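Below: one structure, written as structure tokens.
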């Protein structure tokens with residue numbers, strides 16, 4: 001056997017403890033990181049990666065191992081803080097207590113002289129915006145799957161997000177040491193559920209309690225991980241009983257890559273045997289095109305398979321120069337046609353600086369803004385401009401972050417991720433070093449909130465702390481919305497799920513000393529129409545002197561079901577009956593009037609306002625006239641329309657032991673769920689269903705009760721659809737009671 005890590009063995013031989021060895025290696029690499037960050041590292045020596053997965057797949061544990069093996073930390077800690085410390089990447093006290101990652105912690109490290117920027121992202125669906133932000137600014141990703149759970153609910157969400165931002169990724173099937181681990185099933189699910197051309201790069205030597213190591217199918221050798229912390233990597237011959245399986249899997253790998261890479265495909269057709277370098281280059285090309293997904297294996301908790309994964313990040317994921325990033329040039333004439341400009345990835349100051357603020361955070365260092373640099377050079381002391389607000393900012397400090405610790409740097413170049421201090425901006429803002437450049441990076445996709453609760457401080461004297469905390473959270477998280485309900489005199493907070501809002505309530509108490517009282521959760525219902533309805537509305541007001549006059553004619557149309565959350569405005573006018581400068585006023589009136597629907601007081605959506613004709617007055621017509629005309633036209637159309645209420649439908653995934661299958665299905669049916677699929681492994685089954693969010697409250701308690709605490713579930717927002725007649729009637733009656741109105745007339749609502 002050829003042995004790597006001779007220095008480690010020598011150190012152990014001299015009686016040095018593994019922890020001290022880790023400390024020594026940490027010192028060396030820490031200096032390497034500092035030295036590298038101050039010099040201009042070439043693009044080839046940089047990787048910007050994210051680690052994403054379903055909740056509890058082992059992302060944070062994997063990141064902790066990566067930081068240990070690369071010398072960034074001296075000791076490894078367990079995620080749930082059983083040792084009183086908690087994982088390094090879980091820097092918030094709440095994260096260490098719960099054992100889930102809430103915010104994406106950013107860090108950087110070195111592996112084989114390559115600088116790796118890592119974002120560790122939350123797996124819980126309520127924190128999806130963190131994953132969106134991470135993937136928007138990264139060049140590659142590692143998707144972590146659980147060998148037992150396989151492809152789960154949040155895995156599909158992350159997969160969609162990676163597709164949206166065209167992020168190449170590797171897959172790491174984790175937890176091969178667990179009972180019921182089945183990497184072959186996970187691979188099959190990747191192919192069937194995610195529709196990926198995926199193949200094993202490694203196969204395991206044993207599974208569950210017998211998991212000893214892995215076989216590298218490219219190099220055709222066995223890899224073992226020795227030492228107390230798996231820090232000694234040994235290479236050896238493939239065990240005799242696994243040689244046939246290894247040969248079969250290697251052939252399958254070559255076929256999968258040949259199907260997606262032209263050069264290897266030609267070699268395959270000519271029956272040439274590809275060399276190791278041929279195969280690696282083909283895998284790299286196919287991975288960068290997202291036409292092939294390499295699959296790696298291991299167990300982060302048992303310290304197996306992490307170092308080969310790090311090698312693969314260097315080998316197969318892109319450097320900043322291999323990814324095309326575009327900025328949008330916003331023209332002054334406000335035309336809808338946008339010009340895309342390709343960013344230059346050269347790590348010098350030959351091009352103007354362009355960067356995207358993708359995360360805001362208020363920590364012990366003050367207001368932090370995480371920025372991904374896409375072009376040019378950024379120096380401490382530079383003046384940069386926010387293209388959205390036009391404000392200029394002078395950089396006092398520039399830093400690189402390691403979870404909640406930081407390191408000052410003098411410069412940052414294209415491809416770097418850094419933190420700025422004291423910058424007034426919002427998530428998604430673009431910064432340049434030239435005023436009025438008109439450039440902006442494509443904005444981060446922000447999903448609409450689906451749940452709301454009323455919240456107020458327990459103590460009236462804490463109002464200042466409450467508003468300060470709420471203000472900070474809304475700046476940090478675009479999916480956390482706040483508004484004041486003037487009718488009920490309540491502060492309403494909205495977010496992506498119960499856990500999302502619960503976490504913020506707890507953070508107010510912990511970080512601001514402001515315990516809060518929360519009301520019952522309220523679902524974000526919407527109202528829409530079921531068929532097109534015409535309108536012909538004239539707004540006229542005469543009160544002496546110049547009056548107001550605006551006439552609009554057109555039709556209000558329902559949008560397709562997939563666009564139920566949108567509002568559209570279409571100008572189909574000809575001539576000058578409505579002067580073009582007044583058309584935006586009609587649109588504003590329409591959008592303002594959609595804030596509150598007539599049936600239940602919820603927002604109107606899924607509508608298209610088609611403006612076809614109208615009239616104006618030479619003296620009395622002005623902007624406010626057509627705003628009022630737009631509002632009146634919508635109200636007139638709604639009075640003649642058949643309305644229905646839309647509700648959010650959640651994609652629910654339940655995992656429980658087989659003996660409780662009947663109770664679980666009955667529970668989902670009781671909650672008006674539609675079962676969309678089933679899966680099973682060993683003694684557990686997985687149920688997939690679409691369930692109205694309004695019917696999911698209290699489900700965690702019911703599931704624990706009917707499965708003796710052995711069942712668990714996850715859910716994510718799926719779509720909006722018309723709610724059941726009974727639900728619609730209930731929602732309308734509650735609104736009428738709350739507003740003191742008379743009962744609604746029969747036939748007003750669609751039953």
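Each residue, glycine too, has its Cβ placed from N, Cα and C.
Note that the structure is a prediction, hence the values are computed from the model and not measured.
Taken from Swiss-Prot, the feature transit peptide covers 1-36, and the record attributes it to sequence analysis.
Taken from Swiss-Prot, the feature domain 'tr-type G' covers 44-321.
As annotated by Swiss-Prot, GTP binding site applies to 53-60, 120-124, 174-177. There are 26 other Cβ atoms within 10 Å of the Cβ belonging to residue 175 (N6-acetyllysine).
Residues annotated as phosphoserine in Swiss-Prot, with similarity to another entry given as evidence: 91.
Secondary structure from DSSP puts residue 175 (N6-acetyllysine) in coil. Annotation comment: Swiss-Prot describes 175 as N6-acetyllysine, evidence class similarity to another entry.
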Pairwise Cα distance for residue 53 (GTP binding site)/residue 175 (N6-acetyllysine) [Å, integer]: 13
Taken over the domain 'tr-type G' (44-321), the model's mean pLDDT: 79
Rounded distance in angstrom between the Cα atoms of residue 56 (GTP binding site) and residue 175 (N6-acetyllysine): 10
Other C-beta atoms that fall within 10 angstroms of the C-beta of residue 56 (GTP binding site): 20
Set of same-chain residues at least 6 away whose C-beta sits under 8 angstroms from residue 176 (GTP binding site): 147, 183, 204, 207, 208, 211, 297, 298, 299, 304, 305
